[in-house]
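Trainee: Shown below is the structure under consideration.
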Amino acid sequence: MARPKLHDFRRLVVKVGSSLLIDSGAGEVRADWLAALAADIAELHRGGRDVMIVSSGSIALGRSRLKLPRGALKLEESQAAAAVGQIALARTWSEVLGSHGIGAGQILVTLQDTEERRRYLNARSTIAKLLEWRAVPVINENDTVATNEIRYGDNDRLAARVATMASADLLILLSDIDGLYTAPPGSNPDAKLIPEVESVTAEIESMAGAAGSELSRGGMRTKIEAAKIATSAGTHMLIASGKIDHPLKAIAEGGPCTWFLTPANPVTARKRWIAGSLEPKGTLTIDAGAVSALRAGKSLLPAGVIRVDGQFARGDAVIVRGPDTHEIGRGLVAYDADDADRIKGRSSPDVMMILGISGRAEMIHRDDLVVGTAPG
């Protein structure tokens, strides 16, 4: 598989860990380094790319602001430190991106936000709107409310979930090491950097070591887990050193890193999941005009729906049938069954009047629709 280039990608997630962002001695943001990273992000943004940031650092900053001693914190202490640190972290990102004329939007998520369908859809919609407005979403785990039972515990896997949620085509994990090695490079002089990984095998997993610095909760093992999540969803991933200034520029110029490649892309992977992995909860029957529109690559609008069957929630998979009951495709519906039935056959301006809210224009967006999935 040909090794891609950074500028081949249109939507990127950049994960920044605590050990890069925070000076472990002073407990403060590494301002010069962050300014250089922000300049890299601004360059990508000016090129028309969508950029999202998954940023650690709230607990580390909170510890510094509260002058807490070194060592392990109890859960409630970590949560309280995060509450203080998150304010400073959000301000830092807002100011450094704002210096380039870029707005930043803070999103705090928990594991449940990516596991529960409704919350997942709400988070995805918020990210999509921020990107549409050309803002940069800055995402972190909501450490103030996450417990040990319902937390990611590291932002590598969170970043992979965000990349999947946002249909990003590249996830960049900036680390204190420039990629995956055949052995720990600090203790083995014969260790070699692996430039490309086309499949995460048991051998690849065995090369991952334990967690690193005091400030970071992640390590190479969590990065390998992130690679499995990302590549299965059609998102390429790379691990590169963030210790240098302008780390994204270094990647673009061919600097050392490890690519985790996937033959799929986010849209095809998502559509394969919709077509083959989800149990349909209902059926939408559509008119002949809507059938033609769907086959031409359009979204399904409420006006084209003539019948709604089944009990389904927003985001559930449904079968789409033509007026002759032949299956046209499958998709993720934007309304629950009751609301879908109320707005079927109606034009988009009528939807707000009927539902009393400004609803989505599409019953099923084309990115959530697979046409031609009927058996046989």
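Keep in mind that glycine also has a Cβ here, set from the backbone N, Cα and C atoms.
As annotated by Swiss-Prot, ATP binding site applies to Lys15, Ser175, Asp176. Residues annotated as substrate binding site in Swiss-Prot, with sequence analysis given as evidence: Ser56, Asp143, Asn155. Annotated domain 'PUA' per Swiss-Prot: 281-358, in sequence order.
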Trainee: Taking Lys15 (ATP binding site) as the reference, which of Ser56, Asp143, Asn155 (the binding-site residues) have a CA within 10 A of its CA?
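Mentor: Checking Cα-Cα distances against Lys15 (ATP binding site), the binding-site residues within 10 Å turn out to be Ser56, Asn155.
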Trainee: Reported as an integer number of Å, what is the Cα distance between Ser175 (ATP binding site) and Asn155 (substrate binding site)?
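Mentor: Between the alpha carbons of Ser175 (ATP binding site) and Asn155 (substrate binding site) there are 12 Å.
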Trainee: Run through the Cβ atoms and count how many others sit within 10 Å of the one on Lys15 (ATP binding site).
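Mentor: Taking every protein chain into account, the count is 31.
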Trainee: Within 10 Å of its Cβ, which one of these binding-site residues (Asp143, Asp176) has the largest number of other Cβ atoms?
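Mentor: It comes out as Asp143.
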Trainee: Tell me the Cβ neighbour count for Ser56 (substrate binding site), meaning other Cβ atoms within 10 Å of its Cβ, over all protein chains shown.
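Mentor: By my count, 28.
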Trainee: From the DSSP assignment alone, can you count helix, strand and coil residues within the domain 'PUA' (281-358)?
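Mentor: Grouping H, G, I as helix and E, B as strand yields 26 helix, 23 strand, 29 coil.
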Trainee: Any idea what the Cα distance is from Ser56 (substrate binding site) over to Asp176 (ATP binding site), rounded to a whole Å?
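Mentor: Cα of Ser56 (substrate binding site) to Cα of Asp176 (ATP binding site) measures 14 Å after rounding.
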Trainee: Check the DSSP secondary structure of Lys15 (ATP binding site), expressed as helix, strand or coil.
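Mentor: Note: Lys15 (ATP binding site) is in a strand by DSSP.
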Trainee: So what's the average pLDDT for the domain 'PUA' (281-358)?
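Mentor: When the pLDDT values over the domain 'PUA' (281-358) are averaged, the result is 93.
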Trainee: Could you state the whole-number distance in Å separating the C-alpha atoms of Asp143 (substrate binding site) and Asp176 (ATP binding site)?
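Mentor: Roughly 23 Å, rounded to the nearest whole number.
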